[in-house]
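What TrEMBL lists as active site, proton donor is C116. Feature annotation from TrEMBL assigns phosphoenolpyruvate binding site to K22, N23. What TrEMBL lists as UDP-N-acetyl-alpha-D-glucosamine binding site is R92, R121, P122, I123, D124, L125, D305, I327. Residues or ranges marked as domain 'Enolpyruvate transferase' by TrEMBL: 6-405. What TrEMBL records for C116 is 2-(S-cysteinyl)pyruvic acid O-phosphothioketal.
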Amino acid sequence: MAWYEVRGGRPLDGAVKIQGSKNGALPVLAGALLHRGRTVLHNCPGITDVGYTLEILRSLGCSVTVEKDALILDAAGLDRNRVPESLGEKMRSSVILLGSLLGRFGEACLPYPGGCTIGKRPIDLHLKMLSEMGVTFTEEERGLKASCRRLSGAEFSLPFPSVGATENVILAAVLAEGVTVLSGAAREPEISELCRFLRGKGARIEGDGTETIRIEGVSSLEDSEFIFSSDRIVAGTYLFGGVLTRGRVFLEGAETGTLTEVLKVIEKTGAVVHTSPRGIFLDAREAFLPAGRVETSPYPGFPTDLQSALLSAMTVARGKSEIEENIFEARFQTAAQLRRMGADLEIKGNRALIRGVSSLHGTFVRAKELRGGAALVLAALGAEGTTLIQDDGYIERGYEDLLRDLGALGACMQSSTVKTK
């Protein structure tokens with residue numbers, strides 16, 4: 001269990017380099033299992049979800065080594081297809097291993113995935129589409145067994161642009177027989193990141209970034225080297241930290257093209273944004289205005305992963321804001337904690353109504369999930385006095401070193417870890 005002690009009341013001011021993408025790294029690590037050989041990765045984020053994934057890869061027989069700034073995987077010796085229950089249950093993204101293990105072995109055994117408690121997040125869609133590629137599923141006591149004689153290409157039309165289901169189909173289709181066409185696909189940058197990685201290994205994929213992706217199966221892949229893009233959600237988190245504290249920050253390596261809707265919302269507050277190939281500069285000294293009405297939606301819309309950060313920022317705006325959550329049904333868990341800090345907001349179904357107050361005050365709060373935990377840290381940075389945040393390991397799942405990064409921006413905070421039985 002980790003604790004963050006934050007002394008608020010000072011604007012963020014400084015520069016920080018943005019880490020590699022969490023949501024890009026996890027499917028790429030799964031994709032490395034498709035190749036009976038070597039993969040070299042750069043700028044892979046040092047977060048606990050990546051650590052758990054690497055533990056899973058080792059348990060399956062994959063060699064994992066680190067040399068300077070490179071993560072080197074060699075899946076030539078992969079000889080197991082059962083993900084250990086103790087590891088797979090720790091994170092939602094373990095389900096992404098279904099597609100890659102089926103592509104490699106024609107079999108996979110997975111425990112039901114874990115992760116943040118922000119809604120049901122069913123995997124039915126994953127199973128339905130993989131079934132149409134020839135996969136048979138058997139339910140075990142605490143997980144699933146999947147098997148097929150040979151994966152076959154198929155045509156799908158997604159009822160909703162699910163990122164995980166899109167990634168699983170892509171991974172399964174790379175070594176499948178024939179052509180797979182996925183309509184209604186997710187368009188998130190992390191989908192294009194996965195496809196860019198797989199094309200570098202010899203996969204035949206086109207259409208990523210659009211609603212229709214076409215994958216022509218190949219017989220094998222090849223050794224490759226790959227550099228991860230920066231994490232757009234981490235960048236967005238620090239941008240909203242700048243807005244909330246009315247500071248000035250430069251985010252080195254932040255990619256403007258993946259944050260278009262986020263920057264539009266931020267500019268509504270009165271903040272000034274300058275972008276360049278080097279990164280994003282934010283001057284939020286006059287960011288007093290509310291953002292108005294914001295809806296979360298699949299990319300290229302406003303990301304659900306930044307909804308909590310926006311919620312925190314709007315608690316001190318001069319006016320009313322409304323946020324509608326359209327992706328997950330339980331993502332306003334942070335609201336009750338913000339009220340403890342003096343926020344004036346109410347939740348009505350999937351909508352949050354926020355009336356800005358002059359300031360928040362420090363108190364004890366508890367993180368309930370990854371992005372909500374980071375949002376509470378932002379709120380604490382802008383609050384009067386000291387805030388103590390209890391975090392049950394959520395924040396480290398997505399943020400490489402929040403203390404280091406926010407410290408570089410002038411935050412006054414410290415953390416401690418308490419071992420629990």
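Backbone N, Cα and C define each Cβ position, glycine as well.
On the structure: features taken from TrEMBL.
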| residue | record | contacts (Cβ under 8 Å, 6+ apart) |
| --- | --- | --- |
| K22 | phosphoenolpyruvate binding site | P45, I47, D49, V50, D231, I233, V234, R397, G398 |
| N23 | phosphoenolpyruvate binding site | V163, E188, E190, D231, I233, D305 |
| P122 | UDP-N-acetyl-alpha-D-glucosamine binding site | none |
| I123 | UDP-N-acetyl-alpha-D-glucosamine binding site | V95, P113, G164 |
| D124 | UDP-N-acetyl-alpha-D-glucosamine binding site | none |
| L125 | UDP-N-acetyl-alpha-D-glucosamine binding site | L158, P159, F160, S162, A165 |
| I327 | UDP-N-acetyl-alpha-D-glucosamine binding site | T296, S297, P298, T304 |
Checklist outcome for this item: Least Cβ-packed of the binding-site residues R92, D305 (other Cβ atoms within 10 Å) is R92
Item to check | DSSP three-state assignment (helix, strand or coil) for R92 (UDP-N-acetyl-alpha-D-glucosamine binding site) | outcome: helix
